[in-house]
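Engineer: Dumping the structure here so I can ask a few things about it.
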Amino acid sequence: MGEEPPNNLHQIHAISLHLSPPDLTNEHRHPSNNLHRPISKKPRMKSTSRLFTISLVSSWYCSNIGVLLLNKYLLSNYGFKYPIFLTMCHMTACSLLSYVAIAWMKMVPMQTIRSRTQFIKISALSLVFCVSVVFGNISLRFLPVSFNQAVGATTPFFTAVFAYLMTLKREAWLTYVTLIPVVTGVIIASGGEPSFHLFGFIMCISATAARALKSVLQGILLSSEGEKLNSMNLLLYMAPIAVVFLLPATLIMEENVVGITLALARDDVKIIWYLLFNSALAYFVNLTNFLVTKHTSALTLQVGV
């Protein structure tokens, strides 16, 4: 009789172990063990992605301003009045540097054009790009950089219009509302600009619209599942086509520009360094332009202007 209570206690203990909930793991019994559990990587990855996007936009913005100021200096202050040839130098540098980066340095795998339709779209992108850059460079001969940038602020408006017409993509109504004061401000600034030049303004607004159309086109080419190209490959195929468009225009509209450039170089060799640095910087501008479009959107890119 004296040994029955211990037996009952063993039975109760056995029953309690059998009926214990299955989720009472070691972590629940010892909360301190939770300190050793791995932290989720999603917030860290999202933060890294955000920093990468910010750095891309900053790089594009700074290099874009650098090219703009150097173009203005060459076309106005220095007296090198050949915007089409200057654009062709930019595209030649983009062709060569893109090939070196892909074929030699193997920075990204080389992609091929898959269809005639894709080639036509890339050719159209090249043509629109040529129009935007050439018209923009021409406008710099007649307008100050500040006013050129003020007119360029309307690019998001044209981008939203072209995006809707070509992809039927609608932005939030608040986005369209915020574009109204931007366009209104440019109209007011145009009327009060002391150095306003009608031809330069037409060239500038045409370049702005072409830049918006290019952003929408490149957004389609960078994101479409059937025709997706990475940024460097798109630039690799686009730049040589642009050179083909620009070469006859240079020979016809800017006669003997190569001889004039060589003559300038004999008097001042710095012109060669200006053109080389400007062309290399233009490659960086275009590369970061495509990367920003890929990681954000065409409208985000132009709002960043």
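Cβ coordinates are placed from backbone N, Cα and C, and glycine is handled just like the others.
Please treat TrEMBL annotations as automatic predictions, because they have not gone through curation.
Relevant sequence annotations retrieved from TrEMBL are reproduced here:
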DOMAIN    56-304  domain 'Sugar phosphate transporter'
TRANSMEM  51-70  transmembrane segment
TRANSMEM  82-107  transmembrane segment
TRANSMEM  119-140  transmembrane segment
TRANSMEM  146-166  transmembrane segment
TRANSMEM  173-190  transmembrane segment
TRANSMEM  196-213  transmembrane segment
TRANSMEM  234-251  transmembrane segment
TRANSMEM  271-292  transmembrane segment
Engineer: Quick one: do the transmembrane segment (146-166) and the transmembrane segment (196-213) reach 3+ CB pairs under 8 Å, ignoring pairs fewer than 6 apart in sequence?
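Structural biologist: Since 3 or more Cβ pairs under 8 Å link them, the transmembrane segment (146-166) and the transmembrane segment (196-213) do come into contact.
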Engineer: To the transmembrane segment (119-140), which of 82-107, 173-190, 196-213, 234-251 is linked by the most Cβ pairs under 8 Å?
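Structural biologist: Stretch with maximum Cβ contacts: 196-213.
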Engineer: Which of 82-107, 173-190, 196-213 has the most Cβ pairs closer than 8 Å to the transmembrane segment (234-251)?
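Structural biologist: The listed stretch sharing the most Cβ pairs with the transmembrane segment (234-251) is 82-107.
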Engineer: Given a Cβ distance threshold of under 8 angstroms, which distant residues of the chain, six or more beyond its ends, lie next to the transmembrane segment (82-107)?
Structural biologist: 71, 74-75, 130, 133-134, 137-138, 140-141, 232-233, 235-236, 238-240, 242-243, 246-247, 249-250, 253-254, 257-258, 260-261, 275-276, 278-280, 282-283, 286
Engineer: Over the domain 'Sugar phosphate transporter' (56-304), what is the model's mean pLDDT?
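Structural biologist: The predicted confidence over the domain 'Sugar phosphate transporter' (56-304), as a mean pLDDT, is 84.
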